[in-house]
């Protein structure tokens with residue numbers, strides 16, 4: 001988990017932010033929460049629960065109210081808002097920035113930004129960026145590919161053929177996100193997202209060949225930066241004694257950051273086309289999400305067949 005994000009990183013990701021004051025402090029100021037403060041009560045002088053460590057975002061309401069205050073009161077208010085813990089001030093909608101805010105920010109070495117975006121939209125963009133940056137993170141050994149728009153994480157023991165299978169899937173028109181190591185973070189209560197570490201982005205290791213650049217070989221359409229992990233495929237070496245699920249009734253899940261992700265175990269055996277099997281597994285999972293379950297259809301057909309045979313047996317016994 002990233003403990004804090006530099007304000008300079010926020011500026012790079014939200015291009016609508018224009019620096020007005022404190023450019024030299026961008027790398028010094030840190031943001032440790034995705035919550036954003038809209039200092040309304042503070043403008044009236046009420047600071048009992050002022051969240052000083054949050055980004056201070058002022059929109060039309062805050063700026064118009066501050067304009068009604070006299071100079072001395074406005075100066076006192078902005079001096080109290082500007083603390084060493086405050087990451088930055090942002091004024092939306094391209095509104096004029098009070099000179100008292102600029103002076104207070106300069107004293108405490110706080111960057112001040114202006115943006116033409118609407119306040120609510122700007123708040124949403126910043127929150128989304130900070131949620132991703134500050135989210136809990138961990139690395140998983142595996143390969144992440146996007147199959148028909150669905151993120152599929154392929155895991156298994158080293159040497160089982162994860163990268164080779166992913167390469168076959170890329171050749172079939174699907175997209176690589178990460179090979180060997182997948183960095184995973186929790187986006188919300190029901191969503192986990194995977195991406196590649198910067199050093200491994202768009203690269204794959206194929207035994208006997210070495211490192212290959214997937215984007216260079218197959219084009220930009222063969223790669224993607226990140227995707228939601230919706231299905232996990234666990235590759236296992238074939239064990240004749242193992243009892244593999246043949247009908248699809250036993251649905252299993254794997255927990256990632258308290259999010260249960262469906263998992264399918266695929267036994268690896270010479271002659272099995274793993275790429276096609278995984279492709280079909282992804283399509284079958286999507287069909288289940290849309291309400292069609294082939295295993296339930298089979299069970300229904302079997303029940304009807306047994307019922308029909310029972311009726312025939314009853315009819316023959318009466319004769």
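Backbone N, Cα and C define each Cβ position, glycine as well.
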Swiss-Prot annotation (region 'Important for the catalytic mechanism of dephosphorylation') - matching range among 261-266, 267-272, 273-278, 279-284: 267-272
Predicted model, mean pLDDT over the region 'Important for the catalytic mechanism of dephosphorylation' (267-272): 81
Cβ atoms near residue 157 (ATP binding site) (within 10 Å, other residues, all chains): 13
Among 158, 163, the one of these binding-site residues whose Cβ has the fewest neighbouring Cβ atoms within 10 Å: 158
Rounded inter-Cα distance in Å - residue 160 (ATP binding site), residue 205 (Mg(2+) binding site): 13
